[in-house]
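Trainee: Quick one: structure below, then a few questions.
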């Protein structure tokens with residue numbers, strides 16, 4: 001039974017990474033065309049909350065069963081931190097960086113989430129897990145830095161901060177779902193909270209930014225955002241947060257492929273070696289839980 005849950009967690013985590021990679025590419029396309037990171041993020045959150053809300057309403061009684069006031073507050077906090085601050089900071093980081101760099105640096109969630117898993121959920125970290133983690137990090141390092149020791153810019157630091165916010169949100173989500181709350185409910189409430197948070201910020205502090213743009217791209221990205229939210233929270237509900245984050249290290253592979261194919265971003269030999277290391281680590285992990 002445990003192994004079956006781990007296998008499901010791996011599949012859901014891979015699907016999450018794929019959905020998030022597609023989101024990243026759509027965001028980069030919009031940003032390259034001149035979209036404002038703040039406005040575009042809020043538009044995506046609006047459509048995502050709308051779609052999740054429609055799905056939630058269909059199963060209203062089932063989805064809000066066991067939801068306490070404390071759980072509601074925690075999910076609102078998760079939305080503000082993970083999708084409010086995290087999403088906006090990540091968009092600004094992506095605007096100043098590349099999709100390939102974003103794919104690597106976002107995998108720093110492995111470090112943050114593993115720490116949360118160890119201290120909050122008492123998750124055990126075996127030798128194989130640590131070895132695979134090191135391989136993922138090393139491969140990702142080669143993929144982003146091209147083998148150079150230091151290659152960090154402001155955009156890269158913003159992406160790391162965004163990853164920390166997402167890890168905090170994921171930890172809060174898992175705490176709430178341990179109370180029996182459905183993954184759909186968690187997804188809907190946290191996305192809605194993130195949207196409302198930034199809508200208020202824009203309306204009261206920078207009303208001149210309250211305009212609509214790149215609606216079509218925001219609409220398309222929101223479809224993948226719905227998918228990534230559901231994949232993520234279902235994976236967290238049945239599996240370990242550390243295992244989910246480890247599989248999330250496959251994100252650079254997807255962003256590299258899409259970045260090269262769609263955005264014409266380049267990939268050197270050393271970066272290709274890093275991608276191969278990540279891919280091999282993914283294969284090893286899947287075989288371990290086969």
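Easy rule for this one: first residue shown is 1, then count along the chain.
Positions of Cβ are set from backbone N, Cα and C atoms, glycine also.
Heads up, TrEMBL stuff is auto-annotated, nobody curated it.
As listed in TrEMBL for this protein:
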| type | residues | note |
| --- | --- | --- |
| DOMAIN | 8-144 | domain 'EamA' |
| TRANSMEM | 37-60 | transmembrane segment |
| TRANSMEM | 72-94 | transmembrane segment |
| TRANSMEM | 100-121 | transmembrane segment |
| TRANSMEM | 128-145 | transmembrane segment |
| DOMAIN | 154-286 | domain 'EamA' |
| TRANSMEM | 157-176 | transmembrane segment |
| TRANSMEM | 188-206 | transmembrane segment |
| TRANSMEM | 212-231 | transmembrane segment |
| TRANSMEM | 243-263 | transmembrane segment |
| TRANSMEM | 269-286 | transmembrane segment |
Trainee: Do any residues of this chain, six or more beyond the ends of the transmembrane segment (188-206), have a C-beta under 8 angstroms from a C-beta of it, and if so which?
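Mentor: Beyond its ends, the transmembrane segment (188-206) has Cβ neighbours at 38-39, 41-42, 45-46, 48-49, 52-53, 55-56, 63, 72, 75-80, 82-84, 87-88, 169, 173, 225, 229.
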Trainee: For the domain 'EamA' (8-144), what's the mean pLDDT in this predicted model?
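Mentor: Reported value for the domain 'EamA' (8-144) is a mean pLDDT of 83.
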Trainee: Given pairs 6 or more apart, does the transmembrane segment (128-145) have at least three Cβ pairs under 8 Å with the transmembrane segment (243-263)?
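Mentor: Between the transmembrane segment (128-145) and the transmembrane segment (243-263), contact is present.
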Trainee: Counting CB pairs under 8 Å, which listed stretch among 37-60, 157-176, 243-263, 269-286 touches the transmembrane segment (72-94) the most?
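Mentor: When the Cβ pairs under 8 Å are tallied, 157-176 comes out ahead.
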Trainee: Out of 37-60, 157-176, 243-263, what stretch is closest in contact terms to the transmembrane segment (212-231), meaning most Cβ pairs under 8 angstroms?
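Mentor: Comparing 37-60, 157-176, 243-263: 37-60 has the most Cβ pairs near the transmembrane segment (212-231).
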Trainee: Considering only the recorded stretches 100-121, 157-176, 269-286, state which has the highest number of Cβ pairs under 8 Å to the transmembrane segment (243-263).
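Mentor: That would be 100-121.
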Trainee: For the transmembrane segment (157-176), give me same-chain residues lying six or more residues beyond its boundaries with a C-beta closer than 8 angstroms to one of its C-beta atoms, as numbers and ranges.
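Mentor: Sequence-distant neighbours of the transmembrane segment (157-176): 71, 74-75, 77-79, 81-83, 85-87, 89-90, 92-94, 96-97, 101-102, 105-109, 112-113, 116-117, 120-121, 186, 190, 232-233, 236-237, 241, 244-245.
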Trainee: List the helix, strand and coil residue totals of the domain 'EamA' (8-144) as derived from DSSP.
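Mentor: Residue counts for the domain 'EamA' (8-144) by secondary structure: 119 helix, 0 strand, 18 coil.
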Trainee: Mind checking how the domain 'EamA' (154-286) divides into helix, strand and coil residues in DSSP?
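Mentor: Secondary-structure breakdown of the domain 'EamA' (154-286): 114 helix, 0 strand, 19 coil.
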